[in-house]
């Protein structure tokens, strides 16, 4: 695999393939960047230990240090430890800003992206936005920015950021992905852009990523094409059994009529027990409590005795 | 000639007759199985079928000008049909022939039908009088065909007697100049044939065939006849006034020749035969040019289109429609000149001047019958490279003369030729030639010597110019961009075989056209979009602005680079687009003549501007273009610019409606002024009220002189000053009610008293005065009424009144509180201000001025009312009230829009969550549930349906909520993004988005049917659960139309009835089991169950159960009653017999052993709590959701059926959310 494909796979969520990838020779020009992607793939798979193992002990390189800090951040549980990892990233972000810093623009952007990722995870949206800046010419940073804007319900800003990046970015796969992400939220033209993007990527012979299938399945849910969505999701599950995102989406497709209610409920409770931390599970639990609270305001009159 | 282009093929029974429609793409085919098919060969669909003949149909003809079809069959009948789809039927049948009818034909101008039959006669029928007007006898065997001469009064016939005969019918025309035949004709019809012989004479008898002749036809212009016969020969005959003779024969068919035709335009003959071939012959040389062979099918019939280069042939298993040569002219465009080939001459056409001159003859290039296929032009050398398909593919390179010379030279002298299937210039001094069999691409220089030879990387069928040093290779399933210098594939796109390639003027975009697809790609093929057309694509050209214009068989269309496309105009016949400039399309027609089509590019220019966010251009288009159709408005709405759509509508009424729809009060106001009708002002007032713009409301009320509402509005906004003015106006109007209202609103007690006194309500006036402490006034009133305190000492003392209007806390009068967010963009502002320059801040009147204007309006109005006799001049005060206040309203909104500008980066404030929009957009509880707003959802359910017990709904709440939100993680390691699933994916306007309908009414109805099945299967406990769950689900279903709401109500009602019925029956069973002595109750419950509104099938079960229970305890009268009702339902014979027995028993024994509470003669509802009857006229309370009835004592308790609602609670019902 050459670095071009590695990048594409990473963006399209083929993390498993990257994690399993064999790194080229240390002397190869691509070695460093591929190493980083491999480590980040482990991180994306929520396996920070493996990521730490991959990057080794090198302390010189700022990018490796960033990866290490992010890995630490995701692996530790204690708030103090997390805060320490965040501080480390903050320091790194400062270090690269220095007047006399010798780091290349690419490395700087890389560090900022990782730092911002951690900030978002810590809920520090504003800090993440500040770190990334608005004038970045790094598409990964733009992807991050756009998702942040989308998550705070500002698709208008996301679009603006995207339009700006179109001016300097070549028509990259990542750029298309960003556009497609915006389309998912705004629902413009009945989600035709994301749908065709994912469909195109599925037809791409040099790439296979079940994540793309899942994404298309989700897009189809949004398009109310429930049966088609189910088939995409089922197929994706065949390639990556137990994938949380796919299962969560399948539950939704099921509730919307793809499956019988009982099957759906079984799937959902199974999902809840296996992925108690998935945001949908957490969210529904919150709503369940909310329901009880709200309902408590009503007094239920007696049922008439027959 | 090596091409015979099949345009259409059908599979069917053997085809014996064919006829083209003269103007529409229709073809009639007579089949051996008795059916006549009408095909649309362009769309490839069977349009209609005519099936009344018994046995094979051989002859078929379509009327040259009318929608008529004639058919003749082996049943000896000729039928005439109306083929218009709406009146398709057999108009009449002509009887007379005594054997198979072989051919039929309409005369080109007289109302005549010609038929040939195996009864050895040819007949002519008048289609108006429907009589036979001539019988031509003379043939001594079957007559196989008869055809009118296209111009003269002649008929040619072919017969099994081996002769071809030419008949003169000029006398027929003379004797029957009118449409109707001689009057006595029908009388003599049965007499014999001799009568008619005087009308027609045999002019020539052509003998020469050795076997029976199958077909003979006249040449359209020359005095020639061809005939096709079983001796395997096609013969050509010439005739003069006096004689006819054989000219020559075309030999080649090795079995019977069934038919032969002259080519309508070229000197060619087409024939077909039982040797499974269609052959093309040169008429002058009598040599075979082309043979088209089929493996299995013998050919029986040929037909040619009267105007087009189109033929049809019928064979054993269907038919084919084909062309004999390509019509697409070879051409190439360079700057302002079109180089093209017509009639084997290379010509140039100047788009600017329209000069069209022949430059070079290419007559000797390839087959003389075939035009060149492609032309490539080299401007540097002024050379052309032509290819032709004959001789297995040839190309020729020749130079064009610098100027048109007197005599056009032929390329044969100096042209350089060689074989090759595809040849194009790739550089100033190089061209590439494809050798398809060797799959070799040769690059040659201008002296025609090979400089480079490349093996094609894919199976290549055709090559095209691919940009500098590149080729585009068209393969069967892909198209490849290939670099000749590096000999490397740059890109490959999957595509159906590409037939034509058109580059945009700047060379940035390329259109790759196949039969049914167009792919627009950039120059590196890295980005592309695909358009599908069901109709065949013919040609295309780029507009200067980068829009691709293309033609299909019947349309000219456009497509934008991102794939958006639409129709520009329709075409009667295909054209080949060569260039698009401004509003003109230049094209070549089927005979390669330059033509132009003028069209309106506004639509696509507008879309292009929209796509590029080029608002200036859009604005310009909006302002300058006059005609904007409904489609563009729909397009804008679909693309999420409903506000912009508003600006396209000129018609004031529509404009007003649209403005109201998108809440644009400014425009609504403006248009309302123009329309100035009360309904409009009312609507405007309503909308403005919704948006909280009370100033507009005020204006609208003023315009309609809606005094009451106006006063109330002033009360609501706390505008005391204006209220007192209203009071003055009311005084002036002398309307006591209005005066009273205004006095009440202003808290003017004296005014109120005065009003009451004025209208003579002294007691009220007195009391008002008294209770408000106006003792003197009270006494005065009393005196005026001629009473004293003593007279009214029986009036109780009411104490002092505290009634007064609430104090004004917020001076709302001067404020507008816009509730609908002002999502103004550049465009809105520009349009609202009318000009682009208007974006600069202009001077606005401030809010106070507006208010001042409004009150001065009132002053004027008050004055006006005072002088009542004067003509009411509404314009007078309207001027004052006019612009000011609306400008101020605009002023308020402006800063919001500006501050909304760029805030990218860390300061970005969170926007509105979609769930909030859902809550805002819908009054349906289910939508609030989906949004996760459980609080408002429960409130809604409580208010709308009186729901108090929510616990059973919890799983539904959670599953609806869960189904409306989906998570996706597009960026690694970030928390997933929550996306909200919408009901209508094509709706993305924030003011209209709604959550997905988690459960459809349909699926709930399916569940209801499941309940029905449980009832039929006697699984009542299960059924009870199902019906209850159905009722639970129904309370959380999204309804979107009146029809759906109706269906919803019906579903609720039937679920409720079944739930009630099933509950009663379950109770009865419990009673029967646990209290076996309580027979009375058992009987009652059985009777009530039979009274639920069930479907007949289930009602039968209930009735039968009741009959059983009642007869068992000897309540025969009741049992008989149920049996009668059972009989009304038309049950199964066996059950019906039992029922009759019961009735008989009841009559024998008209007694009821046990007395029960059941009055069958009075209508009753059943109390769903106590299961006792509530007779009509007695009091009942109802479930606010299902409308189930209860005895009054159950009010306030929980509905036992649904277990959701409070019995008898007040509820507003299902809100209309659509």
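Cβ coordinates come from backbone N, Cα and C, glycine included.
All TrEMBL annotations are machine predictions without curation.
Which of B:815-838, B:839-862, B:863-886, B:887-910 counts as region 'Disordered' depends on TrEMBL, and there it is B:887-910. Of the candidate ranges B:94-135, B:136-177, B:206-247, B:94-135 contributes the most Cβ pairs within a distance under 8 Å of the repeat 'WD' (B:50-84).
Residue counts of the repeat 'WD' (B:250-291) by helix, strand and coil are 0 helix, 24 strand, 18 coil (DSSP-based). Long-range neighbours of the repeat 'WD' (B:136-177) within the same chain, counting only residues 6 or more positions beyond its ends whose Cβ lies under 8 Å from a Cβ of the stretch, are 99-100, 102-103, 105, 107-108, 110, 112, 114-118, 120-124, 126, 193, 196-207, 209-218, 220, 225, 227-229, 237, 239, 244.
The helix, strand and coil residue counts that DSSP assigns across the repeat 'WD' (B:206-247) are 0 helix, 25 strand, 17 coil. For the repeat 'WD' (B:206-247), the list of distant contacts is 141-142, 144-145, 147, 149-150, 154, 156-166, 253-262, 264, 269, 271, 273, 275, 281, 283, 286: same-chain residues at least six beyond its ends, Cβ to Cβ under 8 Å. The DSSP breakdown of the repeat 'WD' (B:136-177) into helical (H, G, I), extended (E, B) and coil residues amounts to 6 helix, 19 strand, 17 coil.
Mean pLDDT of the predicted structure over the repeat 'WD' (B:206-247): 92.
According to DSSP, the secondary structure content of the repeat 'WD' (B:50-84) in residues is 0 helix, 18 strand, 17 coil.
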